[in-house]
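K.L.:
According to Swiss-Prot:
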DOMAIN    5-75  domain 'J'
ZN_FING   148-229  zinc finger
REPEAT    161-168  repeat 'CXXCXGXG motif'
BINDING   Cys161, Cys164, Cys217, Cys220  Zn(2+) 1 binding site
REPEAT    177-184  repeat 'CXXCXGXG motif'
BINDING   Cys177, Cys180, Cys203, Cys206  Zn(2+) 2 binding site
REPEAT    203-210  repeat 'CXXCXGXG motif'
REPEAT    217-224  repeat 'CXXCXGXG motif'
Amino acid sequence: MAKRDYYEVLGIDKSASENDIKKAYRKAAMKYHPDKFANASDAEKKDAEEKFKEINEAYQILSDSQKKQQYDQFGHAAFEQGGAGFGGGFNAGGFDFGDIFGDIFGGGGFGGFEGFSGFGGSSRRSYVEPGNDLRYNLEITLEEAAKGVEKTIKYKRTGKCENCHGTGGEDDKMKTCPTCNGQGTIRTQQRTILGVMQSQSVCPDCHGTGKVPEKKCKHCHGTGTAKETVEKKVNVPAGIDDGQKLKYAGLGEASQNGGPNGDLYVVIRIKSHDIFVRDGENLYCEVPISYSTAVLGGEVEIPTLNGKKMIKVPEGTESGKLLKVKGEGIKSLRGYGQGDIIVKITIETPKKLTDKQKELLQKFEESLNEKNYEQKSSFMKKVKKFFKDIID
């Protein structure tokens, strides 16, 4: 029987976010949870079991960005046994089918649910918790953000102990956890007004693995971890914006119970610029021009990220006018298109004039009339009409 599409199994489309995928999994998994079929017929139990396995298989693939990418490209063939470059098929053994119910019910499971015990399978449910994610703020210049740059960062993290290879045991020797008898979880009961409520939580001694060291590692004292400094080259793509993150899977902190490392998130912080203000892919700047250039028009030099550029200022330019310089902004992070530079013109009033300059300016002013001042002329006409209406 051909496998159903994983997106169809969870009732979502390919554009679904990580949060949407998790919500869809919760809904589907709870619908076919074993506790809901405790009194059902054998046929109904078998059908629910198959659907439940199918739901968890779909979630394991779609919740992992790398596996999701492989599935989107190759479909189910990406995970078939012997598939080239993908290392075998789906393995439910290492997947925590109950973790989603712990999210909902505070770690207590759903009615004592452990693995596939509701379907007659093994009751052992080990819980492998990943290491913590790390965040690193990387400060770069606007020019580096525009053109892309390679940076080397150093950060401290909790890594795996080299002596015990992360097991916490001297010579890697482990034994069954006596607290949980190798189950990885402990169960407690509490009397409430609704009756006896049963909950399940991760074993505090083995952290869900079901194993503890026969003898604690002398280097890490049984934690399986050690502090270390990591050096990493970070390739910052051209067009990246302030606050955007670069994710490096597995470069976060090590797990204390043999689980996968957390992830490293490099958060980009762009330094403020002396000339430009960025808005998306556009750059804004103010360029002061002389009074005569504003009146007569001309060319002015402006800065760009690629060097100097001359732009034309039209005759009679007002202060505050915006001039667009196409294609001199930031390249799109998606790889197509480029923003513009938006130049805001400001007219600088000359100061510290000599008597001769003042005299020449006065004569020039006297030579002008209403036709030379369209806005002033229009305003004065409105003022005259305003007072005329009051008097009438």
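Positions of Cβ are set from backbone N, Cα and C atoms, glycine also.
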K.L.:
What whole-number Å value do you get for the CA-CA distance of Cys206 (Zn(2+) 2 binding site) and Cys217 (Zn(2+) 1 binding site)?
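P.N.:
The separation of the Cα atoms works out to 15 Å.
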K.L.:
Quick check: of the binding-site residues listed here (Cys161, Cys217, Cys220), which one has the Cα closest to that of Cys177 (Zn(2+) 2 binding site)?
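P.N.:
Closest by Cα distance to Cys177 (Zn(2+) 2 binding site) among the binding-site residues Cys161, Cys217, Cys220: Cys217.
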K.L.:
Return the stretch with the most CB pairs under 8 A relative to the repeat 'CXXCXGXG motif' (177-184), choosing among 161-168, 203-210, 217-224.
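P.N.:
Between the candidates 161-168, 203-210, 217-224, the best contact partner of the repeat 'CXXCXGXG motif' (177-184) is 203-210.
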K.L.:
If you count the other Cβ atoms within 10 Å of each Cβ, which of the binding-site residues Cys206, Cys217 comes out on top?
P.N.:
Cys206
K.L.:
Would you mind giving the whole-number mean pLDDT across the repeat 'CXXCXGXG motif' (203-210)?
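P.N.:
On average, pLDDT over the repeat 'CXXCXGXG motif' (203-210) sits at 81.
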K.L.:
DSSP says what for the repeat 'CXXCXGXG motif' (161-168): how many helix, strand, coil residues?
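P.N.:
Within the repeat 'CXXCXGXG motif' (161-168) the tally stands at 0 helix, 0 strand, 8 coil.
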K.L.:
Output, ordered by sequence, the same-chain residues six or more apart from Cys220 (Zn(2+) 1 binding site) with a CB under 8 Å from its CB, or 'none'.
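P.N.:
Non-local contacts for Cys220 (Zn(2+) 1 binding site): Cys161, Asn163, Cys164, Gly168, Ala226.
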K.L.:
Using all protein chains in view, find how many other C-beta atoms are within 10 Å of the C-beta of Cys164 (Zn(2+) 1 binding site).
P.N.:
25
K.L.:
Counting only residues 6+ away in sequence within the same chain, which have a CB under 8 Å from the CB of Cys180 (Zn(2+) 2 binding site)?
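P.N.:
In sequence order, Ile186, Cys203, Asp205, Cys206, Gly210 meet the Cβ cut-off.
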